[in-house]
Amino acid sequence: MSALKRMMRVSNRSLIAFIFFFSLSTSCLYFIYVAPGIANTYLFMVQARGIMLRENVKTIGHMIRLYTNKNTTLNGTDYPEGNNTSDYLVQTTTYLPQNFTYSPHLPCPEKLPYMRGFLSVNVSEISFDEVHQLFSKDSEIEPGGHWRPQDCKPRWKVAVLIPFRNRHEHLPIFFLHLIPMLQKQRLEFAFYVIEQTGTQPFNRAMLFNVGFKEAMKDRAWDCVIFHDVDHLPENDRNYYGCGEMPRHFAAKLDKYMYILPYKEFFGGVSGLTVEQFRKINGFPNAFWGWGGEDDDLWNRVHYSGYNVTRPEGDLGKYTSIPHHHRGEVQFLGRYKLLRYSKERQFIDGLNNLLYTPKILVDRLYTNISVNLMPELAPVEDY
């Protein structure tokens, strides 16, 4: 009888332990699914100490090589991903003097005296009315947020595309921060907010494709920046022009402790020339929910023969605006799609996209509303 009681006590403890671990694991899985951005941030913070240690060891070796190489300069601006020598051989940074004289007939320089470096990032909420009032004094800003310098010829005509849903508190902060920076950089630019309506999961990549097509109908842009609304640059020397290779601007996010999460990370803020974006057939349309579309874009870029460049040093630092709502659900099918990136590249992208937009032009941006559904981007078998 006593043996039976002992067995029942053991069974009860085992049952309680099983229920506890089952509840804990299901809670964790639910959290990861419904709030993947937060979950990944916490996971990355746990891993960050190990990454920082490895980076410090790498930096020591890097500095030793720089010291022993007489032909190497320290204050570089750009380095291409994937090039073995690019970690050490970088171009020097030279910014023009304050008394530099511009010419309306000559291209604007890329390194202007007004670009001082560190920016004070204020993420305090502000109303759109206040932001409109602040920029109402600037008569050179045309409807849609279009602006071009008058004292020199802009080196790039930049369309800034912003995928959007339910982030109304972020937009005014974004414009308050970005407009002065792009004006300092003497770029011609305008903003396109692509807003997803309806009940389908958020499709960031498809919104970018819609925004690209509509922006090309609006003006003759030659550079396109794909910009999350909650990322604010911390350095005005992070030049928002394009180049011979696609550009990943947001190399160091504060929510990732200013460490690149992984080599192929291409999220947050990226830029391609119009020619480059068309060559890779844009973003994939099949990623519904959180995650995967940037990794697929990275694959498309490399399959098309490009490398990715990033700002050097602290130029690529960004602050993330805090969220006051739950993020998008995780897209569980992304890994299968990523396995077939190459096969899908030219059957899913700009060339299979159908949509009906509603366009409203605000003083500071063009709003493109679109109800996205999977049947708007039919994909052939692959």
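Cβ atoms here come from the backbone N, Cα and C positions, even for glycine.
What you are looking at is a predicted structure, and each value in this text was computed from that prediction instead of being measured.
Among the candidates Asn12, Asn75, the residue that Swiss-Prot annotates as N-linked glycosylation site is Asn75.
Note: Swiss-Prot links Cys242 through a disulfide bond to Cys223 (candidates: Cys152, Cys223). Swiss-Prot names Gly292, Glu293, Asp294, Asp295 as N-acetyl-D-glucosamine ligands; from the candidate set Arg278, Arg310, Arg334, the record adds Arg334 to that same site. Cys223 (disulfide bond) sits 17 Å from Pro163 (UDP-alpha-D-galactose binding site), taking the C-alpha atoms as the reference points. For Arg165 (UDP-alpha-D-galactose binding site), the nearest of the recorded positions Cys108, Asn122, Asn307, Asn367 in terms of C-alpha separation is Asn367. In terms of local Cβ density within 10 Å, Arg167 ranks first among the binding-site residues Arg165, Arg167, His323. When averaged over the topological domain 'Cytoplasmic' (1-15), pLDDT in the model lands at 58. Neighbour list (Asp230 (Mn(2+) binding site), Cβ cut-off 8 Å, at least 6 residues apart, same chain): Arg167, His170, Phe174, Ser320, Ile321, His323. Listed in sequence order, Ile162, Pro163, Phe164, Arg167, His170, Leu171, Phe174, Val193, Ile321 are the same-chain residues at least 6 apart in sequence whose CB falls under 8 Å from the CB of Val229 (UDP-alpha-D-galactose binding site).
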